[in-house]
Amino acid sequence: MSLLRIRKASLYGFSTVFILLQSYAVAYPLRAFRQNDGIGIAMNPSQDGGFVSAEKDSDFEYWMKLIISAVLILLGGVFAGLTIGLMGCDDLHLQVLEQSGDASERVHARKVLKLLRRGKHWVLVTLLLGNVIVNETLPIVFDSIIGGGWPAVLISTAMIVIFGEVIPQATCVRYGLSIGAKLEPIVLFMMYLLWPIAYPTALILDACLGESQSTMYKKSGLKTLVTLHRDLGIDKLNQDEVTIITAVLDLREKHAESIMTPIEDVFTLPMDRILDEDLIGEIICAGYSRIPVHKPGFPHDFIGMLLTKTLIGYDPDDKWPVGKFALATLPQTWPNTSCLDLLNYCQEGKSHMILISNSPGEPHGAIGVITLEDIIEELIGEEIIDETDVYIDVHKGLPRVGENNDFWNRMLHRSHLSTMAALHKSQRSHDLAANEHAPILNPKNSALNPRLVTNDRVKVKSPSLIQSSTGYGSMSQSPSRSDLPSKISRVNAELQAHGSQRSSIDVSKENKSSVADGPSSQAHNGPSTQPPEALPNGTDPSSSKTTENNGNQQSERTESADGKKDNSGSISSNSSKTFTGKRVRLGNVIESNVVSPDGTNRIVIEPFERSVDPNNADIVEMVERNGIVVPKVTVTSHEDDVDSVHNTPMSVSSTLSVKTSSSKVPRNKRKRRKGKSKK
């Protein structure tokens, strides 16, 4: 539709210019020409001996000059319109249209990009030179048609301004991409036609001004652009999309200290606290899935966290201390660590709660905790409320109100709403002030201890009833207890059969490869007779073989995780599945293991710029190899590297072993190639 309008406008413009020039030229120039010369109609001799009227020659010349004037006006309009149309096209916008536009926009953007990449200044100088040449030639042609005087000046100026500047530029501002793509051959022809002048001038402009840069937005500009798309444009964004996009752009600049829960508001436990009925009730009523645990008498010296799901099978009558349970690792980090880096760390599955401390790795300095839910709330820009949340915002002390109470959901910010009063029964109407209203539903945790709070849906048996009944509560009385040894032996038999089957497959593979390589390479397939110093990291052959088998098992687990069949042709069991698609931002944070003098291990997460001693074995930069995130190490055969391997933490040393086995395979291949060449 736009191209049809452009063609119609061009046709109307050409017709209008031609008619105006003709009407004025008919009225003035021939009459003025004849009066000024004072000559009548002259007769020119012809070839056949006759005479031809000079009026016919003047009419032909007049019409030719009239057509040339109209063409020059249109060419001037084309050059002026393309100048503002092509120079107004941004490279970044063209790349966006080339990749995400519709079919016509992709074709037009590709043509214009190809033209502008030859040199934007070259295109600019060519169009300006063409416009100048046309505008300087047009008065010369007008003078011979219209003659001098103010009528000629007025008409030529009006023609150039209206049909050579205003209309073309106004059209190309709106349809510059499509017009530039259609006229790309003409511009390319003019570029090479005016190359002796245009190209050197463009080189001078490039040297003085530099190459033109695309329009790049800062994060603040992007947020403003996204906000404008909420109210403008064809594909408008709703408020939720705008909130999430702007929150994602701010996530990297947000520090952990700004969104953490202060340590004073965190539900913590000392490691010597006895887990009895009362403490179990407190944990259930609190509604937290992870509870930080600190040393007795040192509320800021945290050693781990207690996962409440480990208490499912715990009997409160045992009265174990908290420190007797298997505590999960509670990593520590600095207050200014980026929330985006912490999100990537939590994605590795190591911990969903991180301790914020002014001195990570030390038994003091804890100022708060941050969870994966806190980071995701900042990521989406809204609070997440699950079934067991008591507070909407711990920082502001806003309690949770029932989802059907829309009025109190809007009134939670009022100062007269007491946090603790909302946890109890509603006040009576005569106890309320004039500006207060009783909530319809109370913020109440549904997961209460049935031994303390009566619940019709939960039946609690007394201890005497439990002892009198058979097959309940006690492992010795449970019928599944007798089947436990048989289950263990059956599982061990399956594992042993699976291992022997895998080893037989490996042996058959080696035999096939040895037969294919010939006798010269069979010597390298047998047991390794190299000294320990010849192997990577100075490990002995037996350990190297073990790590190689572990590497093969790991590769087989990866295949089974992808849903592929192993070498035996059967699908591997679910127990062999492993997750290898870990997604991290490499080099942003470093995980180090700090051991205090009392033997407590603490995991410290710090930004990459804070590593003052990169040669320390406890601080390893994580890199990605074959889709698995492993520490960045250099495998050498020096003896002093052996000590560094043994001093490395367990996770790092195991990764080093796998790396050693993987680096051993190419060496054997090189030996086989040498054997073939000798043969």
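Every residue gets a Cβ built from N, Cα and C, even glycine.
Residues annotated as signal peptide in Swiss-Prot: 1-27.
For 28-65 (among others), the entry in Swiss-Prot reads topological domain 'Extracellular'.
Residues or ranges marked as domain 'CNNM transmembrane' in Swiss-Prot: 58-241.
According to Swiss-Prot, the transmembrane segment annotation covers 66-86 (among others). Only residues 6 or more beyond the boundaries of the transmembrane segment (66-86), in the same chain, are considered here, and those with a CB under 8 A from a CB of the stretch are 10, 13-14, 17-18, 21-22, 25, 112, 115-116, 123-124, 127-128, 130-131, 134-135, 137-138, 141-142, 145, 159-160, 163-165, 167-169, 171-173, 175-177, 179-180, 183, 186-187.
Here the topological domain 'Cytoplasmic' (87-121) has Cβ contacts under 8 Å with residues 173, 176-178, 180-181, 184, 187-188, 191, 199, 201-202, 205-206, 209, 211-212, 214-216 of the same chain, all six or more residues outside its ends. Swiss-Prot lists 87-121 (among others) with the feature topological domain 'Cytoplasmic', giving sequence analysis as the kind of evidence.
The transmembrane segment annotation in Swiss-Prot covers 122-142 (among others) and rests on sequence analysis. Residues 65, 68-69, 72-73, 75-76, 79-80, 82-83, 86-87, 115-116, 152, 155-156, 159-160, 164, 187, 190-191, 194, 197-199, 201-202, 205 of the same chain, all 6+ positions outside the transmembrane segment (122-142), place their C-beta atoms under 8 angstroms from a C-beta of that stretch.
What Swiss-Prot records for 144-164 (among others) is transmembrane segment.
This prediction places the mean pLDDT of the topological domain 'Cytoplasmic' (165-184) at 87. Annotation comment: Swiss-Prot describes 165-184 (among others) as topological domain 'Cytoplasmic', evidence class sequence analysis.
Residues or ranges marked as transmembrane segment in Swiss-Prot (evidence: sequence analysis): 185-205 (among others).
The feature topological domain 'Extracellular' is assigned by Swiss-Prot to 206-679 (among others), with sequence analysis given as support.
Under the heading domain 'CBS 2', Swiss-Prot lists 322-387.
Summarising the annotation, Swiss-Prot assigns compositional bias 'Polar residues' to 464-483 (among others).
The annotation phosphoserine is assigned in Swiss-Prot to Ser476 (among others).
Annotation comment: Swiss-Prot describes Ser478 (among others) as phosphoserine, evidence class experimental evidence.
Swiss-Prot lists 519-528 (among others) with the feature compositional bias 'Polar residues'.
Residues annotated as compositional bias 'Polar residues' in Swiss-Prot: 539-555 (among others).
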Enumerate same-chain residues with a sequence separation of six or more from Ser596 (phosphoserine) and a Cβ-Cβ distance below 8 A; give 'none' if the list is empty. Gly361, Glu362, Pro363, Arg602
Can you tell me whether DSSP puts Ser596 (phosphoserine) in helix, strand or coil? coil
